[in-house]
Structures are given as structure tokens and as C-alpha cells.
């Protein structure tokens, strides 16, 4: 369930009705959600769970205070469109104010409205060891305990506020929770009134605190709140405060006291707050925002640092198509855990200072270890420095760390290309993230600015990133402190459980070592150091099992030097593996109760997003300005070298293009601008980001443009031209004898051979097949459908290609019958033919070559017996003759009008009495020769040659008179080469979807699926032997939809070729490196690999190793050199005795920690710890969750 669903679920109509009808109540219970942070069912009951990313609230205009009133509750319905700013009408005043009359004690004082959750306290339904209060809350008849932490200095702050102001507690939480918390928090009676959720205004999915309903003069009211959405109606009255969760070193409330001392003396708080804003000085700081504005003040009573936090950290202005939008900072990470208290900009600003200080302290060049050889290099961020990760650790990522990955590859004919990725762990700190971003920018500059930069977030990695780790990614708990245990190939003191997911992109996440982590649809690896047991869920499939086996082998070979034994247990047949089940029971205990249901697998990609937009991004007086330039299909000439641009695929990915002549500052800020743009659009923080320089564009970026030409590139083999285009180039001649020896050449040329094989042609007549007379082979009518079977030999074996040619004027019944008859022919040849859909006018190269330069396509009609059979209404007929040799020439009938002519081509005009052969000024000598040859097929009459510009009057009369026609003589290149793309087509999720496979190889072809290979000029559908019928059937439709929705405006009539596993032509295999024709006949299947790993010797060894993994409960003695069994701290912290691994002594949990984990958790070494008094040891263990 996503955040939006949580909002919808909580804010039900009954709840909104209750809110609207009880605006005059002060302290009554209700239920909703103010701030969303977790997914717990308890989250609606108090407001500390929230995510700023959920807010996209547009305030009323701030330049007119009379418009700052909110609309009545009943008008707060649908959210606004993202490209509009609506003026909110002035509502009627409330029937009754929320606050009573001002008391005598508060007369003349200003009023301060104070928020509760994450401003004064932080609450949780999960136990907190050091909780200040525990408040019982009844929910649906059950009493639950709420654990409350007080923010540091809250007592001092409240006492001071009570001395200076009329204080009002205003929270969006329920009274049943907030009222008792306020009783415990406010022991001095500071709050004169308490307002709860029912006193808020429900406005566009948020509960807003409307200060105009308090009954106080707005010029004397201020609000202190951590949530901008809470005071969206009155931002001029707000004193923002940072969200607080559990940082006991926080001084936010203490730092704000001087500011409030000044505000307490103001007759009109607007004057002071406005003067502060007017005195802002922009401080261009590199941050997660592009030119993120930071604010400085010069007031004696308040330090610059304090006021820098006060204004500018909560609200950002972004100019967008001449509209102003309000942006809120994020308050939590994707996994629901709170972000550190700094905003992104402050954190990176602080990181920059640390980074600069570190570099100035004489640290060594961070890039001295950077190599430029093809391959993979990985670094982690440790104490603000790049630390290389050994090759044995590749693929292992600690959730508390950030990594930098450099991938260098060779590009055919164009040297090297490089990609830089920085990976963000879900639990990594802002400092680490900031340092990684800085290093990525500097590494890009070190490598000359040509690499493509990528931002990767744990769990949402791009296909390219995942392609580097074919055996999968392993997410490990912890961070840099324990980040290199996995590189020790002699370490066996390991106990962990890996949850393996994915069929194409495999990830393995460390989870609790318990049966509670298992489910019946996934695969789990119980890693015990010397032994790994793979447990396959009963509902897991063969592909997943194979991937898990490969991952287990990779762990064995890369991390254990090949000295670990592997066994496999089938979850549905556990009785067949008694020895292995004994091992699992020894570690996990006996399983009680049924397994959980399967968890959804990889989220498949959409085929593609057609809503592609190009934006020009620039800075305007400290604001990020994003101006839309165009929508798809995009063209390359929209990009100017002096600027930077963003290409947005509706949030699925954001790409930044940096022009070579853009300023250094703009190029340096490219990544930050992308992140700022994502924030402004309210996209998920996991949105894929790519940053590239002009000339170093990624293949995916080029695919979004209708055409793309690299400057200075040389045109490769196989350049052609298409019907309907004026400009063209000559066909490059090649040696067809090389095609079978060089499949990559065959793929580039789209030629399996020299087209000298056998040909058989059928026409669809009355929905059945009718053989065509060989004397008329090559003559196709636009009103018909044809099947062309081509037979050739490869490696002394018969190979077949079955072309399905569809006339533009054929009926739907004939097109359907053509497909059905093709299936029948395919079955007669045992599925061996490669099926190719050909649409009239879009004939592929090999199809043209079959007819040796004598292919003629008539515009319409059906059943014409002769080549020159006239139309029912005799008259002139015009044919366009195109081609330079027998392999690429065809004649196509056009409308007999002057406007059909093209100065670059040869045309045949046949009338009742004469035949004209018209040569355009732009046609070549080869084209004239081939034009004359194919014209003889159309007519045996003598031809009168007519040069362009010398036409006789009869020529124009036959065409109905002169008219403008295509006369551009410029010779232009056709579409440049495009990198091929591979997609997996599957209905495993119950819906037919496509997932892209980056950096693909033959091993990525899944026997259980249909794969789509896009080579731009052709679309291949590869059908695995085990693919289900639904996938096979839907694949054709999917290919057509893929072309139709392609953002580059692809030709929907692009040829689609169906290839079956084991019968791949060279035009397909040539797109793969080192294609192995025997892969599926001689390779090891999953069952064979399982049998080898689970032989008697392996099982016996695992049984012996059982004693090394079974925990006896004995202490791990430091003096023993760590020879005992160490456990992941996650298995020991905050666990009841029944939840601990078997054999662990609940009172001595610290003995099962490694030395590093021991010191990190308890703050001291083992020897020093044992010298402490028992009460002190117990206190440290309690605080660490070990008691």
C-alpha cells in the first residue's frame, strides 16, 4: 500500500463529514491522519507518522492577506492540477471561534500556536527503552501502549513560552491520544487551550490549522510547527521548526527562545517576520536543490545559524511555466525511517565543509586508484573518503552505506564509454549521501566529463546497474563498521538468512534468522559459513530456483574460496531432504504453523511511457526555473550546446543533458538540479536519474528522440532509405559470403544469406491458401495478403523464413486468415520457420533481395492475372523505381499525379499508348540502370526516356497537369545505428508486462518467457520452449503496442519477426556476443545442478558442519580470539527470549556479538566492559536493547 492509499484510506467520507460538522468543538475525539510515516494500522491515531512527499498543497496568494483565508470545508475536495494555481475564494466567517475570550492574565499578549508531534514530542506504538511517557490508547476495544519521547529542552521552552505568550496547543492528532500526552507534558498549565484534529480544516488531503478561526487578531498570532502543510493558509505567521524523532543532542527549541523573546514585544508580528524575509541574502550552495536559496539575517538577538534554520529550510519557490509552486522538504526515507534533522541542502552544505576540510588536511588523491581498463570498480564512503571495495565484495551492499560504481566498457569503433553510479542505502546518512554526490561529480570531471552519471536507490536500481551483477545483489544489514567482513575468504563465523527474490533481476536481503521470515513463494538461503542450505518455496518457479543456485555458488566461490557446501531443499517435498531439514531445525528450531503466502515478485517495467517532455532548466535569481520546450516525439535540434535540459518520462526516469558550451556552474549543478526537479514534481525519491554530457549520451536517451546523429560519426553498413522520404544515400555493397561466418554482419545487414535459396509463394483467396504461379513471383497487390516461404541451408541444416505480407487495402478477415494460415504452415515444418510480419511498403532487405530486383507492388486490386492488367477505369499508371542493385530494388505504384514525383528517383509512367522513363536530377547511374531493368517487368513496350526539366506536354497531360513535387536534392543520412534493446515479456504477475534487460547476453533469454529484441529497423520476438500460449499470443500485440507508443514516434509498420528457441537466424544471433548454438542442448539445467550439489558427499559434509552452526549457548570469549559463533546484532536487539536464535542465553547476548558490533553498540571494548560494575553493565545493555 503506498502513501497515497494510506491518505485515501484514512480520510474517509464519514470522517470528513465529522470534521466539517464539528469546527466549533475544542476537545473531542476524531480520527484521521496529519503526517504519514509508517504503514502501521496505528498510524491514523496520532500525527507523527507522515511524509512531506505526500504534500503538494497550493496556498492562496500571499500578496493579499485578505485572500489568505481558506475555503470552507465542503469546498476542499479534489486536488488541483499540477500546472495550475487557483485563487481560493474567501469563505464565510465561522459561526463560532475556536478559542474562548482572552483571559485577564493573557490580555495584551501575542498568541503562539504550538504543534505537538515531532515538534515537542515523538511517539511510537513500538516499545522505546528510554520513553518518557507511556500512554494507553483504546483502539477498537483494544488498549494499546503509546511510547512518548520528549524533545530536548522542551520543558525550558514551554516555561519560557508561558511567560511570554498566550499559548495554545494545536495538533492534528486524536484527542484520546494527544490530551493525556499534554497532561503529562504540560505540568505548569502553559497551554490555555487545546485544539485537536476536529478543529483543523480538511484541505486537499491535509489537515490545516486555520489561524483565522481562532478568534485572535492575525497580526498577533504565530504558529510553530514542523509541517508546512499545517500552516499553508498563513505562511506569514509561521515559525518553522525541524522535525524531531530521537536526536537527544538536538537544541532546536533552545535556539528558538531568543527569537520568540523578540517576537513577544512586537505589536504586529508581520512587521518583524516580513523584515526578516526582506533582508534575505542568497547563498548559492551546492545542495540537493539547484541553486537552493539559503537565507541569512543580521539581528543582534538571534544568531545567523539560528535564523538560517528559521526561514528558507521549509519552503522553496520553484518557477514553473510562469507559475509558482510551494515545495516541502522530505522528512523521512523511503523505508519509513526518519531522515536526519537537517534538510537536504543543509546536510550537503555541511558535508561540503567536512569534505573541504578533509581535502585541505592533506588527504591523498581520492582518484589515484581509478583505472581506465574495461570492467567494474567500486568504492564505499568511509569517513568522507572513497575506500575501494575488493572484487570479492562486489554485489554486496550494506544498507547503511553509500557506494560509487564505475563501469568502463569498449564500444565498437568509438573507443571506451563509462558509467558512474552512486548507490544510496536506505539507512545511509545524509553526510554519506552528500559525499557520494560530490565524489561522483569530481570523478566525472577527472574522467573528462564524458561518463554518464546515475543515481541508484536501494531496491529501485536501474536495469543497467543490475546488469553488472548477473548473479544478483545482496543487501546486508549495518554499515561501514562491518562492511568488509565479507572479503575474508577464510571467515566461517557467519549465520544469516537471505531472502532471494526476482527472476530476471535478483536481490537477496538479509532478514531475521527465523521461520517467521519464510513464505511459500520465495527462496531463502540459510548461510552458516561452511554450509549454505537453499530452501525453495513450494510456489517458486524453476527460473527463480536456478538464479538462487547461481547466487549460492557465487557466495561459495567468491566469498569462501569454494570451500562451502551447498544443499537444496524443496519446500513442498521437505521429507526428501531429512538431513538438511535437521540442519535447518538446529538453527531455526522446529517450524510451528503454516508458512506465509507468497510476496509479489519484481515489479515489471511498463513497456514505455509515451508522455515524454523536454524542459530547459536554468537559474533565475536563486530559483530553479523549469520551462517546457517540447513533448514527444523529440528531435535532436531542440538541444542547444549552451544550455542544460531535463527529459522527463513521467517520473519513471529523469535525464539531464549538459551542453558542451554550458557554463561550468550549470554543468556542475546538473545532478542537483535533477534532484530538485524530482522534489518539485513530487516524484518518488527512488526515481532513476541520469546525467550526461553532450557527445556522451546513453543509448536510452537517444531512443527517446525521433532521430539522432552523433557528430562526426561514420555511417555503418546497411544504410537504406524509406518510402516517402526525399533524401537518401546509396546502398553500401558487401560480401554476402561473409554473412554466415560473421553473424554480427548478418545482423547489421538484416541478411541471413545472399537470398539465393528456394522460394514458394501463396496468396490468401477466400481465406484459404492458393499457390501463386512462379512466373508472377515478385508481383504483389495492395488488396491481397501473401505468404512467402524462403528455404536456405546453414551448417548443413535446412532453415526457413516465413514472410506474411499484408497489403494496405486487404480486409481484416484476410489479414487474420494470413496469420492463421502462417501458423498452419509453421506447424507443418514443426515450428522451425522464423515468422516475419511485413506491411506493404515496409519490406525488409532480405525480402527485397529474394526477388532479384524485380519486386513490383501494385497499389490495390486483387486477383490480377497479368503484370499489366489495367484498372477497371483505364488510364495512366505511375510507378516509383527505387534501388541501386538486385538486392534492394523494387517498383511501387503511386497515384498518377505530378505531386507524386521525387527529384531523387526514377519513375515509370505508362499510358495507353506510351511508356515514359523519367529520371530525376538527383538519381544516380546505378538507380537508372536498375530502374530500366524493373521497368521491363512492368511493360515490354519501348520506353521514352525523359529527363527532369525536359518533359513533353503529353507527359504532364497524362499526370493531370503540372504540380509541385518533392525537389530537395540534399542527400541526407537515414536513421543512424541504434543500440539494440531486450525486453522480457511475461504474464507472471497476471498482467502482460515488459521488463527491460540491460547489457543483455544469450543467458538472459528465458526459456519460460517471450523476449522482445528491438534493433530499430526490425522487432524480434523470441519464444522460449516453455513459454505459455498466452504470452506467445499476446507478444504480437505487445510488439505492435510497443511501436505505437514509442516516444520517438516509431513506424508502426516496422517488420516484426518471430523466432523460436533453437531456430534463431544469424540476423538475430548476431546481436549477441559469443552466441552458443548448443547452449540449450548441452548446458546444465536446474535439476542437474541441484543433483550435483546435493549428492551424498555434500549432504554428509553439511551434517558434520551442523555442529559448527548449532548454538550451545556458551559465551564467546574474547580471549579465544573470536573463535565462537557471532550473530548479526539484529537477531539480538529488542528480542524476547522466545525470539532469540536457538541456544542463545538471553542474559548474555553481548557474548554473541563480534568485537566491532560489541564496541559500536555498547560504546566500549569487551575487557573494559567487564571491569564495569554490574549495574553499569546492565544499564549499557538496556540502552543497547540487549537486556
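The first residue you see is number 1, and the count goes up from there.
Glycine is no exception: its Cβ is also placed from the backbone N, Cα and C atoms.
Taken from TrEMBL, the feature active site, 4-aspartylphosphate intermediate covers 115. TrEMBL lists 117 with the feature active site, proton donor. Taken from TrEMBL, the feature compositional bias 'Polar residues' covers 1-11. The compositional bias 'Low complexity' feature in TrEMBL is assigned to 21-32. According to TrEMBL, the domain 'HP' annotation covers 1121-1187. Annotation comment: TrEMBL describes 1-33 as region 'Disordered'. The site 'Transition state stabilizer' annotation in TrEMBL covers 171, 209.
Distribution of TrEMBL features across the structure.
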residue : record                                        : DSSP class
115     : active site, 4-aspartylphosphate intermediate : coil
171     : site 'Transition state stabilizer'            : coil
209     : site 'Transition state stabilizer'            : coil
For the residue listed as 'active site, 4-aspartylphosphate intermediate', the number of other Cβ atoms found within 10 Å of its own Cβ: 24
Distance from residue 115 (active site, 4-aspartylphosphate intermediate) back to residue 171 (site 'Transition state stabilizer'), taken between C-alpha atoms, in Å: 5
Residue 209 (site 'Transition state stabilizer') versus residue 117 (active site, proton donor) - Cα distance in angstrom: 14
Other CB atoms, at most 10 A from the CB of residue 117 (active site, proton donor): 28
Helix, strand and coil counts within the domain 'HP' (1121-1187) (DSSP): 37 helix, 0 strand, 30 coil
The residue listed as 'active site, 4-aspartylphosphate intermediate' and residue 209 (site 'Transition state stabilizer'), distance between Cα atoms, whole Å: 10
Residue 209 (site 'Transition state stabilizer'), number of other Cβ atoms within 10 Å: 28
Cβ neighbours of residue 171 (site 'Transition state stabilizer') where a neighbour is any other Cβ within 10 Å: 31
The domain 'HP' (1121-1187) [mean pLDDT, rounded to integer]: 80
